[in-house]
Amino acid sequence: MILARDDKWTLGSIALIFVLLIGFALLFLLERFRVKEKSRTFKDCVNVYQCPSKGERVYLALRHWFIFLATHKAQMTLILSPLVMLVTIPFTGKETKNSIASYDWNLTGVAARLGYLSCGLFFVSYFFSLKNNPFCLMLFSSHEKMNYLHRWLSVYAVLISVLHGILFMIFSAQSYKPLLYDKISIYGYFITVVLFLMTVASLPSVRRKFFEWFFVLHHTCSVLIIFLIWLHHPRTIVYMKACIIIYAFDRGCRLFRSIWNRSNFRIYLLNEDMIYMVGRKPKRSFFALPWAAGSHVYINIPSLSYWQVHPFTLASAPFDDFIELFVAVHSGFTERLANRLYSMPHEYPNFSLAPGTPESLSNTYRELNSFKSYAVEIENTAQGHTYEPEDLYLETTVFMDGPYGTTSNVFKEYSYVLLIAGGVGFSYTLPILRDLILKECNVTSITFIWSCRSLSLLKVASKSLNSLLHQSNVRLKIINHFTGSISCKESSEFSNQTTENSEMEFFDDRPDLDMYIQKFFDYVGYQTAALAACGSQSFLKRIKNSVNKSISSTTDIYQHYEEL
């Protein structure tokens, strides 16, 4: 299909979006170079604090505003929405010749142009939903960060398409055109119904509560939209072909990776609300993407369901010969997996390490192999029973798509790093910590804060943290806050430790985030710093509020938040 003259405006809007992103990617590369050079200079000249110049102060102030908006999506949406609408106005094409009704104020011309524009935005929205997105590689970021663009471009596309339909209905009513049995109108009504279903299913409250239903409905409606718009008008076919090509390419790559990375996983139930999984590292292939610490994979367990795929954060790093996952048990897929573990009859297995097992095998896995020496008490008085994790294990085939995530560990470029996690969120911050300690970087000081209420999880993770404590060549402070119903200090395994330049502490209360973040900013001074946090929505909100209260205009800090 040859593009018509009017399509130039739609192509112009698509090009504008991509050009802006390419420009942003170039600025991001320049920022990384600036941070790397500043951190390298500081590392070579320890304890040399230079006050930022006037130009750097202005730059940091502008950067703070950008980071604030990037980490507060609601405020960014309020600012960007009217700007996007203003930019959209020129692309509606009021100068378009009205060949249908010359007496009209160009109503049909504007309505048609809005239809083309919405098709173009649907294509861009599909593009940013791809797991295999080239902009992720350019920005050293995860496809999850593109979801913001995917969602809001979809919203704008829906609003513009609805306006397109309303204008044509007004014209049809004025011109006494058929509204109910016209072919184009009928497909338009079907498109409206499907878009309404997608909008309702995509609401945050609905999406979180019924994620599995949302996943199925969202993808089904996405395919329906393509074919309905295809049938709606012949001039839209070229845009829908583009959507089909990129959608099929992405799905094909993911399917190939899932089959290629099929392997046996050993799955343990640490306690009533925590699952541990360990398996073979993903194979290298032409379709594999580069990944770094803090990445995630999509897991499918055929013995539970062939159709359900769920994302989980990797607690291992790229240089490991294995991958491990810590999974919190919620309703749905993870609950069924936990019930499967409960229902299986077990005898205590003798997990001797097979010949050729790498020495780098995780402390977690080795600790599980020796877990028989003690029992974990479930903190549930209604149950009142104890069990040992080895008695609740499963070995099964897993299809694994990924890993996906950042292509490099950006935290390596900063002088000071603060890692904060709540609960199973430590599976995101732990591999970053390991990567910073075991690999060469510009970091001179790391603070690791973790709040946890699971005693068994704390015991398993403390082995890895203790090992890192004695391997660290930089200043390392590990702070563990146990929020369970009993005291972790009753066990001799959770004792404070100090080495030449590192220390690890245990506390039986909630962390005072305001105090920790303020101390970190005071310690950083004018040098480069990075903060990474992972936890629940409320946990991250507390951290963001603490950062906003403590940050100054000269603080040179990068912030990254991962919501569980």
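The backbone N, Cα and C atoms fix where each Cβ goes, glycine too.
In the three-state DSSP classification, His150 (heme 1 binding site) falls within a helix. Annotated heme 1 binding site per Swiss-Prot: His150, His218, in sequence order, evidence recorded as similarity to another entry.
The Cβ of His164 (heme 2 binding site) has 22 other Cβ atoms within 10 Å, all protein chains considered. According to DSSP, His164 (heme 2 binding site) sits within a helical segment. Annotation source Swiss-Prot lists heme 2 binding site at His164, His232, citing similarity to another entry.
According to Swiss-Prot, the FAD binding site annotation covers His310, Pro311, Phe312, Thr313, Leu314, Ala315, Ser316. Using a 10 Å Cβ-Cβ cutoff, Phe312 (FAD binding site) registers 21 neighbours.
For Leu419, Ile420, Ala421, Gly422, Gly423, Val424, Gly425, Phe426, Ser427, the entry in Swiss-Prot reads NAD(+) binding site, with the evidence type sequence analysis. In this structure, Ser427 (NAD(+) binding site) is part of a helix by DSSP. Around Ser427 (NAD(+) binding site), taking its Cβ as the centre, 27 other Cβ atoms fall within 10 Å, counting all chains.
Residues annotated as domain 'Ferric oxidoreductase' in Swiss-Prot, with sequence analysis given as evidence: 114-229. Taken together, the residues of the domain 'Ferric oxidoreductase' (114-229) have an average pLDDT of 83.
According to Swiss-Prot, the feature domain 'FAD-binding FR-type' maps to 254-410.
Annotation source Swiss-Prot lists N-linked glycosylation site at Asn106 (among others).
The N-linked glycosylation site annotation in Swiss-Prot covers Asn261 (among others). The Cβ of Asn261 (N-linked glycosylation site) lies under 8 Å from the Cβ of Pro282, Lys283, Phe399, Met400, Asp401, Gly402, each of these being in the same chain and 6 or more residues away along the sequence.
Annotation comment: Swiss-Prot describes Asn350 (among others) as N-linked glycosylation site, evidence class sequence analysis.
Under DSSP, Asn442 (N-linked glycosylation site) is assigned to coil, being neither helix nor strand in the three-state scheme. Swiss-Prot lists Asn442 (among others) with the feature N-linked glycosylation site.
According to DSSP, Asn496 (N-linked glycosylation site) sits in a coil region rather than a helix or strand. Other Cβ atoms within 10 Å of the Cβ of Asn496 (N-linked glycosylation site), summed over all protein chains shown, number 12. Sequence annotations record features per position, and here Swiss-Prot assigns N-linked glycosylation site to Asn496 (among others).
Look at Asn548 (N-linked glycosylation site): DSSP puts it in a helix. Here the Cβ of Asn548 (N-linked glycosylation site) has 13 other Cβ atoms within 10 Å, regardless of which shown protein chain they belong to. Annotation comment: Swiss-Prot describes Asn548 (among others) as N-linked glycosylation site.
Feature annotation from Swiss-Prot assigns transmembrane segment to 10-30 (among others); the stated evidence is sequence analysis.
Per Swiss-Prot, the feature transmembrane segment maps to 66-86 (among others); the stated evidence is sequence analysis.
The transmembrane segment feature in Swiss-Prot is assigned to 110-130 (among others).
Here Swiss-Prot flags 152-172 (among others) as transmembrane segment.
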Is Ala315 (FAD binding site) helix, strand or coil when read with DSSP?
coil
Inside 10 Å of the Cβ of Thr313 (FAD binding site), count up the other Cβ atoms and send me the figure.
24
What same-chain residues, at least 6 away in sequence, bring their CB to under 8 Å of the CB of Gly423 (NAD(+) binding site)?
Ala328, Ser451, Cys452, Arg453, Ser454, Leu457, Gly535, Ser536, Leu564
For the recorded NAD(+) site formed by Leu419, Ile420, Ala421, Gly422, Gly423, Val424, Gly425, Phe426, Ser427, which further same-chain residues have Cβ atoms within 8 Å of the site's Cβ center?
Tyr428, Thr429, Leu430, Trp450, Ser451, Cys452, Cys534, Gly535
Same chain, outside the transmembrane segment (110-130) by at least 6, Cβ under 8 Å from its Cβ: which residues?
6-7, 9-11, 13-14, 17-18, 88, 91-94, 96, 143, 146-147, 149-150, 153-154, 156-158, 160-161, 163-164, 167-168, 171, 222, 225, 229, 233, 235-236, 239-240, 242-243, 246-247, 250
Based on DSSP, tally up the residues of the domain 'Ferric oxidoreductase' (114-229) by helix, strand and coil.
96 helix, 0 strand, 20 coil
Excluding the flanking five residues on each side, which residues at least 6 beyond the ends of the transmembrane segment (184-204) place their CB within less than 8 Å of a CB in that stretch?
151, 154, 158, 161-162, 165, 168, 172, 178, 210, 213-214, 217-218, 221-222, 224-225, 228-229, 231-233
Residues from the same chain, set at least six apart from the ends of the transmembrane segment (210-230), whose C-beta lies under 8 A from its own:
119, 122, 126, 187, 190-191, 194-195, 197-198, 201-202, 236-237, 239-240, 243-244, 247, 307-309, 332-333
